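**Q** Quick one: the structure is below, questions incoming.
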């Protein structure tokens, strides 16, 4: 290069500078600024705003003058701003000259830095060393701006300057900020950068198999699976409309399988919340999802026993408790004034069963004598059965029956008796033809197939023969354990006989019409 004239050297350096700046501007257009030079002074002035993206989630320990303060995990740190002068003979003869170096606070304040001045001075000195090392390795004419960008942007300067102790980055809290304010600003900046990176990254939706930018996708918070918003909207909208809450979650194959084989004792939380639901399907279906979720909890939750009556509830001499016989409608009284026991409770109005003790404020049901259970919940079966048993113990037309009809209403007793007889018949059928889920207790009836059952309400796995719970991770061990009542009983004898019969029928059809693949009643065969 020594045989080049000054003009030739300046021309060649200008070309190399333009190439290096073009590369930076093409990759980081909004972070690279070339300042105008109206006076046409030699060289170029540019500003590089270098965001710091760490390779992994890293713990940042905030230190104060009184000792360590709070800590947080981040993958992004606020940018460092370099103002650099490129001499006319860079990169052949002279190095770039850092004029100023700043680490602006992420809160946007124009004064102050999130790195101490001593650290920024060490960074500037290290940049000059990198130029020397790059020249020794590559020779003259090698640009160093990209090397500087990587050294700062990847966070390598933190380890080179001794700011990383173990796996923790130690940062001093700026004097103009409190530890909590600095902690909040770093956390907010990190979250914003993660969201920005997600929006700019392309993802493949495993439902439609198309590549879409992150701004058109949804990332599941628990598993990290990504789906495009239209596909997830269609999936969740259908599930919420049909009331299948289990499907309002990650629809990926691996996550569906994991949920299906998860034990009911697993206390892992739901992978979706109301905010995520609303962002995908809108406010209307979000409200329906919450309603279905609360209803499901109410269906599965056990009903607490009523509290024992207090002394005040059994003794109300100072205040009068309203009784059924006192509630006679004006129309009933006018139509049959001579009948003192006219039923006063309408057929559909269960609020008439409500009673309230004015002395102790105890609310209870007139018929079952239990704590008030609301107008939409029928009286508990044991109390109803006691009323029916007492009523049927008296002979027809006896004084005992007349007293019960006077206190509770004849029409009401007849309805309770009819409901009791219907419940007894249903109970007998349920005990003989169905099996209770080992998880939530809902009764199910098997029409065909094996004895390994999966509850449609709570997803519990259980055996239809004995009703015992089955581990979802190894459901068939229950049927392969010698010495148990269900050993080798995955299929009942009747089911095996039906299978053999239909197999013979299928072979006859195949002999007539040729081989075909068909499905019958849940069993696949050729």
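Glycine is no exception: its Cβ is also placed from the backbone N, Cα and C atoms.
Fair warning: this is a prediction, and the values are worked out from it, not measured in the lab.
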**Q** Suppose you had to name the range TrEMBL annotates as region 'Disordered'; which of 266-285, 326-345, 346-365 would you pick?
**A** 326-345
**Q** Region 'Disordered' per TrEMBL: which of the ranges 298-319, 386-407, 408-429, 430-451 is that?
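**A** It is 298-319 that TrEMBL annotates as region 'Disordered'.
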**Q** Given the model, what does the mean pLDDT over the domain 'RING-type' (205-251) come out as?
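**A** Average per-residue pLDDT within the domain 'RING-type' (205-251): 90.
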